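Student: What follows is a single structure, and I will ask about it in a moment.
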There are 2 protein chains.
Amino acid sequence: MTALEQLIEALRRLPGVGQKSAQRMAYHLLQHDRPGADALAHALQQATHSVRHCERCYTFSESPLCPICQDSRRDARLLCVVETPADQAAMERTASYHGYYFVLQGRISPLDGVGTREIGVEPLLARAADGQVEEVILATSFTAEGEATAHVLAEALRVRGLRSTRLARGVPVGSELEYVDLGTIAHALVDRRAT
Amino acid sequence: MTALEQLIEALRRLPGVGQKSAQRMAYHLLQHDRPGADALAHALQQATHSVRHCERCYTFSESPLCPICQDSRRDARLLCVVETPADQAAMERTASYHGYYFVLQGRISPLDGVGTREIGVEPLLARAADGQVEEVILATSFTAEGEATAHVLAEALRVRGLRSTRLARGVPVGSELEYVDLGTIAHALVDRRAT
């Protein structure tokens, strides 16, 4: 394989990148943006070298404890469980949550051999039993696997006498009812709240 | 900026990659495919280091002359002009062309300050005047800029007494006439050929 072919191969490993895009990226970098290629190579090495997981919440962190876990002004009574660091970042961008986080290693997916051990349920249970946490907010995805994960976690927390809640399901903000899928409307009806 | 943010920034420079995709790629590499990140960093360095331009046709090459220019069994009477190494690769995949190539540095685009000098028209004219080339096939894109480039090249070649041709415009293979755009049908009608 030539260096160009190897580059295309390596780019194809990125999520959402097929043969055509990988080729376009490689040609672009070599023809028009060699400094960009150097910058990317450097950033990749830097990131794989220095980005580790927070010892407490398991999100990405360059220090043993991530900035959020280090922040003592957060509400220690709340612990929000998400599937990935990306989900945590989305929660943070809402600027409406001020507790701490626990980042799972994905979600339970029996078909892929991913169970409670793989996603880190034990560390979560230990973290939630620190005596300060009063409510565990389950913010896993609203997919079949995310729901199953939330269910398993809720059970495990209940057994240990810990209270858990789940993000509300409902009609997305800004949507016209006509275009919302029926399952979502049905859930929004069941979970309707007093005005 | 953290190492993670720097990685997202660097990924955003790839064509077709916005903030969201860059974030997804970075999270994926760090969470699920660190060997992939290392492989990509290595391939980028290898490629920027060893991939240069062929001295004769200006396509990507790891040797002074690319494999095609080194191949003496090719038809030296034909020279195909394309805009990019990617276009050349597409021509090669058709397996129906057996002459040599000349790869321009893009196409003329006055609005972006890209003129005949920038795309390398002089080296092309020198290459085409080697005494062996009998026909220069203009295979630039069938866009406004590609057509303009072909027009300029055809004129410059004509002045030097060199014959040039252009790829045929017409209905794409496999299309139903109903769904082909009108400009294409009009061109196919003008360029109709005897059966």
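The backbone N, Cα and C atoms fix where each Cβ goes, glycine too.
Annotation source TrEMBL lists domain 'Toprim' at B:77-172. If you look up TrEMBL, you'll see B:54-69 marked as zinc finger.
Tell me about the setting of these features in this model.
Tutor: Using a Cβ-Cβ cut-off under 8 Å and counting only residues 6 or more beyond its ends in the same chain, the zinc finger (B:54-69) has close neighbours at 85, 88, 92, 100-105, 120, 123, 127.
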Student: Take the zinc finger (B:54-69) and average the pLDDT across it for me.
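Tutor: Across the zinc finger (B:54-69), the average pLDDT comes out at 96.
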Student: How many of the residues that make up the domain 'Toprim' (B:77-172) does DSSP mark as helix, as strand and as coil?
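Tutor: Tallying H, G and I as helix, E and B as strand, the rest coil: 40 helix, 20 strand, 36 coil.
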